[in-house]
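The feature domain 'NLE' is assigned by TrEMBL to A:14-81. What TrEMBL lists as repeat 'WD' is A:148-195, A:205-246, A:274-314, A:360-402.
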């Protein structure tokens, strides 16, 4: 009976033509094929792989993802066509792309305490912040070359400042901590080290009256903004001020944690303060030269004009927000996650609506990190307290991939080198999942 | 004609002559005077005239008296103007002869006799008649005992009567007859003939006919109530469910349920398509007995081969059982939609946000967590456990920041409400510790260090209170320890962060103490409590102080130091109390699992009693800004309610139960031990006996 039914089913076929934007070795002939309509993504992938194998015998099988009318196929083709109301009579144009999934799991970078901040904006190293008060530089994602010490509380935010510098390997980073301070660090990534080099901050910002929660550096690289539990956002100059003769603020500081330390460090003051949030500013993003986005526990997302310090746009979403990123289509979509398991994406260009344009709800706990892919308009990642990092594509409501390597809460996550996902969590490990083809 | 009559007639004749003399224009017809005179009141006059002039014999007087009585009766009926004057006579309607021999006639109002006027004798009257030309008009009224002078008008009437005319000149007794009836076109004349006699006597023939009928009825020849004819046919398939037709059966009629009419499948030889296949019959066996078809069609070649109904006996027996066991009575059922009985409450969706799901857990304690407290900004949460540990956690991540080992089971913990004073008050055993959390910036830390410093053991400066509590510097964790006499159950801060209160349930007169941190001073303002104190809370805005004892809640005014209110929850044992941030509403949780909401402005009785937990309520809490409140209980649940308090005083608070939060597990019979709201988010923290703290988010 089943066999009969099966034959009935297979007799239904759809004519498809495969197209792709991938480079030539992965292109299949554009002739149309008749494929059984009950094929799902896996079956389609198999067909494409076989076609490629026919063309090149040395070809290694690899998974593909399929797009029909700008939507990823996530169910049997027949069902998909029915759901989308696409006629099965015509030749179906299917575009295939590389499946987005981590292919390789690198060795985790071990920390002494919870990894609370990570920045992978520089392809040559990873910056992590840790609850033991130290920030670390991991060169190539494997070796810890520098330990940035000086914070007396847990480092909660870290950001690489993309400054154009005279020397190639000199980098600036900024970290924020629960000890209410921001520190700027400078290190030379070029020097070869056997042991992790301990370096100290060259500049300290102490004006926040409560824990610093988030840091973002300006695209130009000469400013840093920080959001804090004291409900304010402060902007700071990155410049090394001894050149400017900013001698007034130079003073000897005695650190409470380490009385022996007598090193002279610069103290900076905030150039401006953006006031408006009513609660902890949990996340700040500085995507363009003149605009800062901020998310707060007062359930709002605000956009600020850097020049005037005024709020230019705000939106209330009803949940306490933990993370925020701006990117996607023409770098205008806002993605935010907060005190519920739903990742929401808004389009601030749409006037008069507060409804998110996308909602992804596969997580089961608070979302702690959400980042757009730097190049792709469609891809983003999210990390959650349920211990999972998920990769998302705007073209489907299901996660593309779930990275389940963390044993505890994931506190931070970022893209690295365009093809890796780095995530740090409460299990004191930084996981690097690489080989993601986008 | 009697002699007296003749005499008076003669007198009146004389008088009439005199009248004629006076007024010669009036003709005198004496012959008629007597006949008309005794008919009307004028006759009285004429009588009176007669009597006043003539002396009478006693017999005459008697007759006249009788006459008078009769005349007076008639005069009463008349409407002449004279009668409107009240009679002066007080003797009433008795014959005047009763007073004939008396000096008086009747009595006046004071009871004195009214004397009769002296009668003029004949000479006097004669002389008077000679002297006064008008004396002939005067008449003596014997009844009222006075003389009456007739007016000219009255005399004129008398004259007319004497002449046999109508008394008044303007009345025309012979007016021409106006024939009002229209005689034209009338066929018959209106008969004026009287009714004939035969109309009034019963008919003989009719009587005979009646007798005939009566005899016929008696003989039974005539019958009434013809028996109704039963219709020979009746509608077999008719609808007998109509109640009206069956009314006459007396009992209220319940129509029997209609069976389905027989169809083709019930034929003895149905078509093939009605007969189930063997598979189908087998499948019936798999169904529930009640779902199985009652009748399975079968085929027989002829009606002869149809067997007897096999269930006949069984069904007959069942029917008998039904009749025996189920009396057919109509049950009066009230048809009420249960939904309509429910109070109209706003839907839960409109009342969002409220805590719903647990996303974060704070694990680390090794014993039941007795108490939690959240810092004002909502960044930190402190917890105290029976394992003697006090921990500070980061709310956002669940990271344990700091641990103090107190060494004794922590009963209660409270964070100073000032953001610049991150001090924890911890009650454990007989001691209350003030711990420096070290969370502030450098300047604040200095200030706190100063504040939390006691030079020497402060004793003996204020006898009573000092003996209750001593302030000692804590060596291990830089802080202050307040050593109490008895076990301290709760510690609560005043909103300004300087005062705090501790409760020792077994402390008798020193059960409730108020301490001042800046002066390191302890006061004992409330000495008299009837029942053991449970907890004490400061009013959020005014200088009031709430002490909940096991029986009631007492509200004190601290500025005047007197009891201003006593709230009576009527519960067995109060376990917890929380004050609405507005200050006018109080919720009280009890050991029997009930919760009471008090509106302080309304009365000292609960405004509402809220659904009961199956076990003891351990704590109740209000949210600082959202209209939420919660209760937690030993049944491992926390109930979340919407409690809207309106600024309009006429509107009662709106209370809607929202959610039951599960998640904790029971340990040693205890469930959730404490619940607190996040100060800024609609989140609820619960501390459980399973040593876990949970955060429920919206």
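Using N, Cα and C of the backbone, Cβ positions are placed for all residues, glycine too.
Keep in mind that this is a model prediction, so the values were computed, not measured.
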- Grab the same-chain neighbours of the repeat 'WD' (A:274-314) for me: Cβ-Cβ under 8 Å, and only residues 6 or more beyond its ends, written as numbers and ranges. 210, 213-220, 223, 225-229, 231-235, 320-327, 331, 334, 336, 338, 346, 348
- Message: For the repeat 'WD' (A:205-246), give me same-chain residues lying six or more residues beyond its boundaries with a C-beta closer than 8 angstroms to one of its C-beta atoms, as numbers and ranges.
- Response: 153, 156-164, 172, 174-184, 186, 266-275, 277-289, 292, 294, 296, 298, 304, 306
- State the mean pLDDT for the repeat 'WD' (A:205-246). 81
- Run through the repeat 'WD' (A:360-402) and tell me, per DSSP, how many residues are helix, strand and coil. 0 helix, 20 strand, 23 coil
